[in-house]
Amino acid sequence: MTKHKKLQSWIRECAELCKPDKIVWCDGSEEEKARLEKEAFKSGELIQLNKKKLPGCVYHHTSVNDVARTEHLTYICAKNKRDAGPTNNWLAPHEGYRRASEIFKNSMRGRTMYVIPFSMGPVGSPFSKIGVELTDSIYVVLNMRIMARMGKVVLDLLEKTRGDFTKCLHSKADLDVNRRLILHFPEDNAIWSVGSGYGGNVLLGKKCLSLRIGSYLGEKEGWLAEHMLIMGVEDPSGRVDYIAAAFPSACGKTNLAMLLPPEGLKRKGYRIWTVGDDIAWMRIDTDGKLWAVNPEYGLFGVAPGTNSKTNPNLIKAIEKNTIYTNVLLKKDKTVWWEGGDGVVPKDGTNWQGNPWRPGELDENREPILGAHPNSRFTVPILNVPSVTNRIDHHHGVPIAAIIFGGRRAHLAPLVYESFNWQHGVFVGATMASERTAAQVGKQGEVRRDPMAMLPFCGYNMGDYFKHWLALGKKMTPPPKIFNVNWFRKDNGDFLWPGFGENLRVLEWIISRCKNEVEGVKTPIGYLPHENDIDMTGLRSPREHMRKLLAINHKDWREEAESIGEFFNSFGKDLPKEMKHELNALEKRLR
Ligand code: OXD
Ligand code: MN
């Protein structure tokens, strides 16, 4: 048990509700890992992968109806509906507890309740937050071992400081989508997740604590919890500039965070240092600058499309000590996914657990996939060859530039810089991605995703914009804010090669931060001169750069109109500065 009174009584309460057969405290030791794996191999929850080819790696299937975050079942349970805001599902806290209690009740009969003390951020750092997750899933324990610092060190700290912690309760219950709820109680510092076994719903340190509860705490305590990668760009003199960047899902955050400099720029001797690929916690330090830590300790990355070309660093990282979920399992107990390395296997077991051969079609004559499009690997960040040596720094890293990005086939240029912090907040608040042909819905339709936080902001998004604006006034100076678009098209073809070549754009961004290069003033912000992006070694026609940087005033006027409609959805909660920025944009476009 524990000396921490509050922890003790909360665990007792949860055990009375869920009725586990036994309670096991996780200490984070190697012995514990081996014991849990052995048990999971025996029950079939995990499959041991080829020890020679994938040492320390294991395989897991989630149930077929449980393969992604369920945003429609995710709620912010604040006392006042207004505090959840127009972008979140809301339930009154008593109603949330009532509905979930019915599902949690007796859900752990015949099961073990594991107690996982964990720290988001380096243990003991003033940046960090402690959580305790109670779960009936060994898969969750093994994932949390990778994704967060956990175990005895965290419990010792919690007991020593008698500090507060986020109460995170999870049960798979019966994995029934009709009895699944992901509930956040920001005012109680609590998360209740029931009926799912999928990572984003059940690794409660990640989206639930580090973003939804984190953003709420950030507003109260004066810091930011963001859906951002953090990377360092080291120039040949050894200077490292750190960048934080927000992109909606499926826009290549993980690849950007660990890119390898492209051939054409190799001569310059750049190196990239990976700090994080998904979440940034940022604070103003005593120097008046913005500093960031990655609260996580691992990556929960999407497998399909990951290969030695798109992300060579990641391919090296996942060769060992990795948990693979919902990918194709090959006969030799290795794994494969669509868009992965190597030849397409002749057969295997697909993500649904069925025998699979390439080319087979389903009843709609669609190809049956080997790996689910959202299949994942969980890998320690220390496995990544480009990991920064500052990963455990209590302070994190100083942020020189913030980047927002979306997928826009037409409108947005390759890169532009906002005029100032307030304008930059407007650029982030109006971020959007277009639907591709692969998605259901009208092609080209725009989904607004402010700061890529639409599914993750744990409070009223109008207040969130206000918080960003207020922090900008406290920094001396605030980081510059940029927007990038790797996805602009011409006649259906991408104009920009993307991946490692994106370093060329980062180079311009950093030179703007150092005031080394002039920008071209346009109605939407500062753009590079056509020759200011180093294109050495790229065989891209010059007219491509012209098209990548073109601004079509008519399209932008339509964009301003659509932003106006989006802003209306916030009613009086929209800060007046956002409306001013929209009016100013409209004026500049006239
Ligand atoms: C996401 C993720 O869904 O990082 O954004 O898993
Ligand atoms: Mn994410």
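Cβ from N, Cα, C; glycine included.
Binding site for substrate per TrEMBL: R69, Y198, G199, G200, N374, S375, R376, plus S249 from the candidate set S119, S125, S249. Cross-referencing K207, K266, K268, K289 against the Mn(2+) binding annotation in TrEMBL, which names H227, D278, picks out K207. TrEMBL annotates A250, C251, G252, K253, T254, N255, R376, F499, G500, E501, N502 as GTP-binding residues; of R283, R357, R407, R408, the candidate listed for that same site is R407.
On a Cα basis, C251 (active site) lies 17 Å away from G200 (substrate binding site).
The local packing around G199 (substrate binding site), expressed as other Cβ atoms within 10 Å of its Cβ over all shown chains, amounts to 25. Here G199 (substrate binding site) is positioned 16 angstrom away from H227 (Mn(2+) binding site), judged by their C-alpha atoms. For ligand 1, the binding-site residues lying close by, meaning a CB under 6 A from one of its atoms, are S249, D278; the full candidate list was S249, G252, D278.
Comparing the recorded positions A250, C251 by how many other C-beta atoms lie within 10 angstroms of each C-beta, the top residue is C251. For the recorded Mn(2+) site, residues K207, H227, D278 set the reference point as the centre of their Cβ atoms, and the other residues of that chain within 8 Å of it by Cβ are K206, S210, L211, I279, F456. Among the binding-site residues Y198, G199, T254, N374, no residue has its Cβ under 6 Å from any atom of ligand 2. If you take the C-beta of N374 (substrate binding site) and look for same-chain residues 6 or more apart in sequence within under 8 angstroms, you find V67, A68, V302, N326.
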